[in-house]
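Per TrEMBL, these features apply:
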- ARG32, ASP88, GLU89, SER90, LYS103, GLY117, ASP118, HIS196, SER197: substrate binding site (BINDING)
- HIS99, ASP100, HIS170, HIS196, ASP229: Fe cation binding site (BINDING)
- SER36: phosphoserine (MOD_RES)
Amino acid sequence: MTVTLRYLGPDPSLAYRPNLNQTDSKDKSAYRNYESGDLIDRVYNTYRLMHSNQTLDFVKRKHAEWAGCSHTTMTVMESVDALDQLVDESDPDLVGLIHDIGKIMALWGEPQWAVVGDTFPVGCRFQNSIVFRDTTFTDNPDDKNPAYNSENGIYKPKCGLDNVLMSWGHDEYLYRVMKFNKCTIPEEGLYMIRFHSFYPWHSHGDYMHLCSEKDLSMLPWVKEFNKFDLYTKSPDLPDVEKLKPYYQTLIDKYCPGKLFW
C-alpha cells in the first residue's frame, strides 16, 4: 500500500490540552477547558460528530477494518517521523514517544472524530463525565436503545475492560498494532497506550462497575502517565536527531523492525 501523507491541521482534541512549564502556577484543572477559547467551535464540532457516529456497530466495523493491520508496513520511527506535527518527541520514555502514533489513521483517510479525542465505552450508558455529554449524543441511536443505554448495557458487572468495546480512535488502534506485532511492551505500558484518552475513567472515576481487579491495579499507572501526557508539553522542540539514538534503542528492544499497520 502506498502511504500518502496529508497535512490535516492541528489535532482539535489538543486545543484545550495544557502547555505547562514548571513555573506555571495555573490550576491544572483549568487547562481542559471545554467552555471557552478561540477554537471552541471546532472542538465542539469534532466531539459532536464523534458522539453522533461512534455507535456499537460503528466500532465493530472499525475493528474489522483496522485490527488486521493490513494497511502498510513501516518501522516505529518511520511512523513517528510521519506524525512529527502531532507527536511530542520530548516525552520521557518509549510509551511517551509512541502513544499517539495511532493518529496515523488520519493520514490514511479516517476523519478526526474517529481518530482523536477522549474515548468512552460503547454498548452501555454514556456517562455524564464525557465531554459535551448533554448536547452531542442526541443523534446517536445507541443513546435511545434500551439494550445499550442502561448502566451495564451489553456487559456484565466487573467484566473487565478487556471485554469492553471503546469508541474507536488512536488509542485502541495502536494497542491493536502492538498486540498484532507481538511487541514486548510491558502490560502497564499497553494499558497506558490503550486507555490514556479514557478520561471518564482515569480522571473522573466513572465505569468502575465494569472494571476487573486487573483494571483497578493498572489504573495508577494510567493516571501517572497522564501527568506526562498532559503537563510536560512544550512549544520548544528538542534536538530530535540527538534524541533518536536513545529512542531507537528502546524501539529495537520492544518493537523492532518493520511492523504491520
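Each residue, glycine too, has its Cβ placed from N, Cα and C.
Other C-beta atoms found within 10 angstroms of the C-beta of SER197 (substrate binding site) number 25, with every protein chain shown included.
Across the fold, the C-alpha of HIS170 (Fe cation binding site) and the C-alpha of LYS103 (substrate binding site) stand 5 Å from each other.
For the pair LYS103 (substrate binding site) and ASP229 (Fe cation binding site), the Cα-Cα distance reads 15 Å. Taking ASP118 (substrate binding site) as the reference point, the binding-site residues whose C-alpha atoms are within 10 Å of its C-alpha, out of HIS99, ASP100, HIS196, are HIS196.
Here HIS196 (Fe cation binding site) comes close to HIS99, ASP171, HIS202, VAL222, PHE225, ASN226, ASP229: these same-chain residues lie at least six apart in sequence, with C-beta atoms under 8 angstroms from its C-beta. The Cβ of HIS170 (Fe cation binding site) has 28 neighbouring Cβ atoms from other residues within 10 Å, across all protein chains displayed.
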